[in-house]
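**Student:** Supplied in structure tokens, the structure appears directly below.
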Amino acid sequence: MASIAAERIDRLHTLARAAARTGDDDRAREYVRLARRLAERNRLTLPPAFRRFTCDDCDAVLVPGRNARVRTRSGHVVVTCDCGTHARYPYTG
């Protein structure tokens, strides 16, 4: 059962990115919400790429330069959504 849910989460992530590329942000948000709910109900963790490129507050698919600002600081990357939510990710280099 979990593998079916994981496949569906991957498919919803692909659909959300495609919808965001075409400018259909509402549909992309709905796909993100469905994937998060599916992961929650099946006790699955979301893939790292999914977590990194979606906003935790407004469920938007983050596209750098369009609805997200990306800044590098010493030791971490700061991604800011249009809604104002910040996410920090460590990096080495």
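Every residue, even glycine, has its Cβ placed from backbone N, Cα and C.
Predicted, not measured: the structure shown is a model, and the values here were computed from it.
Take a look at what Swiss-Prot says about it:
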BINDING   Cys55, Cys58, Cys81, Cys83  Zn(2+) binding site
**Student:** What residue among the binding-site residues Cys55, Cys58, Cys83 has the most other CB atoms lying within 10 A of its CB?
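**Tutor:** Output for this query is Cys55.
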**Student:** Using a 10 Å cut-off, grab the number of neighbouring Cβ atoms around the Cβ of Cys81 (Zn(2+) binding site), all chains included.
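**Tutor:** The Cβ of Cys81 (Zn(2+) binding site) has 19 Cβ neighbours within 10 Å.
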**Student:** Can you tell me whether DSSP puts Cys55 (Zn(2+) binding site) in helix, strand or coil?
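**Tutor:** Coil, per DSSP.
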**Student:** Using the centroid of the Cβ atoms of Cys55, Cys58, Cys81, Cys83 as reference, list every other same-chain residue with Cβ within 8 Å of it (recorded Zn(2+) site), in sequence order.
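**Tutor:** Other same-chain residues near the Zn(2+) site: Asp56, Asp57, Asp59, Ala60, Leu62, Asn67, Asp82, Gly84, Thr85.
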